[in-house]
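Written out below as structure tokens is the structure these notes cover.
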Amino acid sequence: MKPRMEYAPEFDNSYARQLSGFYTRLQPTPLKGARLLYHSKPLAQELGLDAHWFTEPKTAVWAGEALLPGMEPLAQVYSGHQFGMWAGQLGDGRGILLGEQRLNDGRYMDWHLKGAGLTPYSRMGDGRAVLRSVIREFLASEALHHLGIPTSRALTIVTSDHPIYREQTERGAMLLRVAESHIRFGHFEHFYYRQQPKQVQQLADYVIARHWPQWVGHQECYRLWFTDVVERTARLMAHWQTVGFAHGVMNTDNMSILGITMDYGPFGFLDDYVPGYICNHSDHQGRYAYDNQPAVALWNLHRLGHALSGLMSADQLQLALEAYEPALMVAYGEQMRAKLGFLERDSQDNDLLTGLLSLMIKEGRDYTRTFRLLSEVEVHSAQSPLRDDFIDRAAFDDWYRRYRSRLQQESIDDDQRQQSMKAANPKYILRNYLAQQAITQAEKDDIQPLQRLHQALQQPFTDQPEFDDLAALPPDWGKHLEISCSS
């Protein structure tokens, strides 16, 4: 019998090869007493990595202590607008792009190590990440992925004995983040504001060839590409609003050119339905409040369009940007109709949606729980599983009567509709208090709560009785937590 050949990831680092001057080469700086705490088995399988990659001595890769053949570590430079103000040069201040893995299906995946030490772009930072923020990003990116929302992924969490000084002393940690690209709106802004139009075009050509090859050579390739960026961003905002996700720090340097969620910091999911929910305690003006996210995304796209103004006419830019609102409204409308159990469109659908949301605001009802219970409605029953959640029974009964009447227009039976609604209304979301409980135990080297929460979040739409406690309403102290940007 022939010995089993060990699989080794293959790296083809086009960013390093084609974009000289867009980065600085450097090596990760290891942490003291680093050790692998946890990893995502489903993602590992997608990347072709079996269990032995997460045992000694292979774990040295996840801790920045060793490189795999073909890796070319570098820190990317970019700039951006932060809280609406031009912030100048930023860049990878604590992250290092290790390399671009070529998968068997032809896709490429960046391996990006967060918390890897000082870079030329660290500014006043120490280049490190703390265990708290690494666990939050791991859980959030995996949660959004399994909710069907485009996002970066997280493969490994490394903890250490390395002290990191924030508001208090915390454990240093590293996260191996995976995404098809880490290019941000801010990459284009950087070279635009440095008056380097050739570099803006070089970057645009690289991105198009890498991710939109069908438009290479087209006479309107830049407009077609930018239009798709606009529409992808619009659809991403629809996803966020539909599941009740607040990102918290939508600076242009945190906006992906591929329209994926990335750079998880002070994020939060809605508990009670509060449209103006602010999850970032540094956001004193509410710029990045939950209900303002679609408007901020469009503002950010205008900043990107400005940086691309040397590649397109003003009319082409405007035409692309005008695609945003229709794409947003179509995606949001489809997703919210699915949450309500409507397969067909009807003129009263919007009134029913706004009526339910208004009741939720008035009575402080939980966003996720309300829609999940709505999935259990039986169209021919006057009894609603939601009724006991509302104090103003008369107002709810009036809404529910109109809702049942609307459901009776649908062509599918209760069982089919309930299943389709459950597939649109998650039972399990990453509430901040659950993340905090997992963090508290992980800091004591107990990963059981982390493992359990991660497992539940991998099937957010499926009833899992063993995880019913993770679907419970949050305690009063756990509602609407505001999170610090410090990480």
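Glycine too: its Cβ is placed from the backbone N, Cα and C atoms.
ASP263 is the residue from ASP12, ASP50, ASP228, ASP263 that Swiss-Prot records in the ATP site together with GLY91, GLY93, ARG94, LYS114, ASP126, GLY127, ARG177, ARG184. Around ARG177 (ATP binding site), the same-chain residues six or more apart in sequence whose CB sits under 8 Å from its CB are GLY95, ASP110, TRP111, HIS112, LEU113, LYS114, GLU137, SER141, SER152, ARG153, ALA154, LEU155, listed in sequence order. When the binding-site residues GLY91, ARG94, ASP126, ASP263 are ranked by how far their Cα is from the Cα of ASN254 (Mg(2+) binding site), ASP263 comes first. Largest Cα to Cα distance within the recorded ATP binders GLY91, GLY93, ARG94, LYS114, ASP126, GLY127, ARG177, ARG184, ASP263: about 22 Å as a whole number.
According to DSSP, ASP126 (ATP binding site) sits in a coil region rather than a helix or strand. If you count neighbouring Cβ atoms within 10 Å for each of the recorded positions ASP126, ASP253, the highest count belongs to ASP253.
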